[in-house]
Each structure stands twice: as C-alpha cells, then as structure tokens.
Amino acid sequence: MEDGDGGEGLRHHAIRLPLAVAAMEGSGSEITSNGGPSVSLRQKASSLMASSAAAYRSKPASFWALLALSGGAMLTAFPAASLLSRLYYNGGGQSKWILSWSAVAGWPIPALLLLPCYLFTDASPTWPPSPWLCFWYALLGLLSAADNLMYAWAYAYLPASTASLVAASSLAFSAVFGRLIVGKKNRIGLSTLNAIVVITAGVVIIALDSGSDRYPGITGRQYALGFALDVAGSALHGLIFALSELVFDKYLSNGSGDGAAATRFHMVLEQQAAVSLSAFAFTSAGLAATDGFAAMRREAAGFSAAGGGKAGYAMVMGWSAATFQLGVLGATGVVYLGSTVLAGVLNAVRVPLTSVAAVVWFHDPMSGFKILSLVITVWGFGSYMVGHSSAKKTSGGSSQ
C-alpha cells in the first residue's frame, strides 16, 4: 500500500509487516567467497526484530490498536453471522428477505458508538454532508442490501461450510476492483494473481463436487442458484470494499497530523451508520412489499432453534443483526486504515474458521473435494501473504 496524499494521521496506507519468510528469502542469496552464509541466523533474527520494531514505531499505537480491533471484528463477527444465517434456516426460517433485513437491522450500533466520540473527544460530525457524499451513501446502501439478499439466497441452498468456501472468491474481486477503482494503492502483483488463480481453482472444485454436500430436499437447480448468487455476492462484496475506500479517499480524507484515534476513526462510524441506514431502508421496503413483517410472526411461532419459539427466534435475529453489523464495521475500518485488498485478505482468512465451525456445529458433510478446496484456499492466502511481504521488502515497503 502506498502512502496517501498529505500527512494523514491514522489514514496510512503503508503498513509494513515484515515476515520471517520474506526476510529469509531476501537474504538467502548473500553468500561469502568461501560458500558460507554472510551473517549468522542470530544476526538475521536480530535484524528482523529491529526492522519489525521500527515498522511498528512508525505508526501511533492507536493506529495498530484500531487495525487489530477492526481485523478481529471481521474474523469473529463474520463467521458468527454466517453460522447464524444457517441456524435461521435450520430452525424453520424460510424468508430470504427476513434474513437480509436482520443483517442491517443493527444499523443503530455504529450510530451509538459515535456518541462517545462526539462527547469525549475533539471529533465533530461531518455535517452537512455534501450532495455527492449523500449519493455515495445511498448507492453503497443499495449495493449492501442487494449483497445481503444474495447471501441470504446462498445460505438457503448451500451448507455453511460450502457457502464460506465459495465466498473466498471475494479476495480476487477485492484485488481487481481495488486496482480498477482506487488505483495504485491496490497493486496487483504476481502473488496476488497467484492467489486469485488458486482460490478460483478451489471454488471450481466445490462446483464440480456439488452433489456430495447437497441438503435433502434441495434440487440441483436450487444448489446451482445458491452457488451462483454466492459468487455474485462475493463480487459485490469486493466492489463495496473498493467504493468505500474511494469515498474515504475522495470525500473524507483527513490531512491533519497524528492525534487521538477517535478523532480519525469516527469517520468510519459515520459512514457505516449512514450506509447501514440506507441499506435498512431499501431492505425494509422489500420486506414490506413481500409481506415479510407478518411472516416474522408466523416464523417465530414455529421456530425450533436456540430454544425454539419467539424467544429463540428473537435471539437468532438479534445476534444476527449485532454480529453482521460488527463484522461490516470491522471491514470498513480495515479499508479505512489499510486498503481494499487487505480487507479482502482478511475476508478470505475467515473461510477456514467458518468451514470448521459449520462441520462441528451443523455436521456439514466434508467430502475429500471440499477438504482439498479448503487446503487450496488456505494455500492461496498464504502464498499471497508471503509474496506480498517479499514484494514490499524488495520495493522498500511501498506496495499497496
């Protein structure tokens, strides 16, 4: 990632996280005249630790804390939201509109988190927002509503483990859209291309093995529809990441110096609250048009998961709203502090977490092809990280 224009505070793009593999790879060719290594392993380790410490000291502690919290929210809340989506259907839920509505019903969460920022820090509301900013918030809300609906259809017909593996393709879409829309801040190198090809191969393997994990009662056409909408939702996910970064760069860039983390990060909360409210409005209109609010009462009466009944139904809906909102908030924070590609990478990291959890809790079928796809997906992510770190070391740490 490259540095943004102006001396931005927490809005840094050059996140230098040197890896041991990259350090060893970059130094492996240094040979003395007698054929031995030029420096000892202890010296290399000491040099790596020193460079790592210098990289972390180059950013304020609040930057790393917020980046860690944002990434952690993605890696915990998104898998939980995926599992809750499957639990909704297992418990007797049937409406795709209701499930997609629950994903944005938690829009007040970022709005409530804004209050302490305004009350106890120097942060001030971005008010009044420009007409163009309002347009982008409405567009991102519409795209988010469509994305949630696609995923709701996918989880209706696919096991949670399969749906999460297919969703790993969002890394490829994030890389492509990040490069096309945001530009040089999201460079596509050989490691990125390799990861795209490998992860795509994993998705193809799942498609070829579609008959082994189909739920009883799900037809081949429904499975194919869920698969296609899962891929489409992943593409839309990558587009939303890229457009969010564009909005931050073009309309919400901050050229002031370092300061309290909340005085910068409040823009993430503002954007998420506005986009989620917009998505909530679009989804509520669709839910009302399909008589979804009356269907909620009928579903709650016969719900069988999480203790069953209205209490179990409310628990699943409530946790779905909270976990999804926290996951999206974390993703928006990663886009703001890092880049679209970094958000796509972390989005791919959650794949093995969700897949393993789905096998344990829902007893999802885990065929040999699905295990191979999982291994390939993790391999693609690992190759991206190693190659990306090596590229940054070679280019002086300025890529992406």
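Including glycine, each Cβ sits where the backbone N, Cα and C put it.
Long-range contacts of the transmembrane segment (63-85) within its own chain (CB-CB distance under 8 A, at least 6 residues past either end) are made by residues 10, 12, 15, 56, 99, 103, 151-152, 155, 160, 163-164, 261, 265, 316, 319-320, 323-327, 329-334, 337-338, 343, 346-347, 349-350, 353-354, 357-358, 361-362. The transmembrane segment feature in TrEMBL is assigned to 63-85 (among others).
Residues annotated as transmembrane segment in TrEMBL: 97-120 (among others). Beyond the transmembrane segment (97-120), the same-chain residues lying 6 or more positions past its ends with a Cβ under 8 Å from any Cβ of the stretch are 81, 85, 88-89, 144-145, 148-149, 151-152, 155, 262-263, 265-266, 269-270, 272-273, 276-277, 279-280, 283-284, 286-287, 290, 292, 295-296, 299, 317, 320-322, 324-326, 329.
Long-range neighbours of the transmembrane segment (132-154) within the same chain, counting only residues 6 or more positions beyond its ends whose Cβ lies under 8 Å from a Cβ of the stretch, are 85, 96-97, 99-100, 103-104, 126, 163, 166-167, 225-227, 229-230, 232-233, 236-237, 239-240, 243-244, 247, 251-252, 271, 274-283, 286, 328. The transmembrane segment feature in TrEMBL is assigned to 132-154 (among others).
Sequence-remote contacts of a segment are chain residues at least 6 beyond its ends whose Cβ falls under 8 Å from one of its Cβ atoms, and for the transmembrane segment (160-181) they are 79, 82-83, 85-86, 151, 154, 187-188, 192, 195-196, 199-200, 202-203, 206, 213, 226-227, 230-231, 233-235, 237-239, 241-243, 245-246, 339-341, 343-345, 347-348, 350-351, 354-359, 362, 364, 366, 370, 373-374, 377, 380-381, 384. Annotation source TrEMBL lists transmembrane segment at 160-181 (among others).
The feature transmembrane segment is assigned by TrEMBL to 188-208 (among others).
Nonlocal intrachain contacts for the transmembrane segment (223-243), taken as residues 6+ away from its ends with a CB within less than 8 angstroms of a stretch CB, comprise 136, 139-140, 143-144, 146-147, 150-151, 153-158, 163, 166-178, 180-182, 186, 203, 206-207, 210, 214, 331, 335, 340, 343-344, 347. What TrEMBL lists as transmembrane segment is 223-243 (among others).
Per TrEMBL, the feature transmembrane segment maps to 274-296 (among others).
Residues or ranges marked as transmembrane segment in TrEMBL: 316-337 (among others). For the transmembrane segment (316-337), the list of distant contacts is 10-12, 15, 63, 66-67, 69-74, 76-78, 80-81, 84-85, 87-88, 91, 93, 99, 102-107, 109-110, 144, 241, 244-245, 248, 265, 267-269, 271-272, 276, 303, 305-306, 343, 346-347: same-chain residues at least six beyond its ends, Cβ to Cβ under 8 Å.
Summarising the annotation, TrEMBL assigns transmembrane segment to 368-386 (among others).
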Same-chain residue ranges lying at least 6 outside the transmembrane segment (274-296) that approach it to Cβ under 8 Å: 94-95, 97-98, 100-101, 103-107, 110-111, 129, 137-138, 140-142, 144-145, 148-149, 244, 313, 325, 328
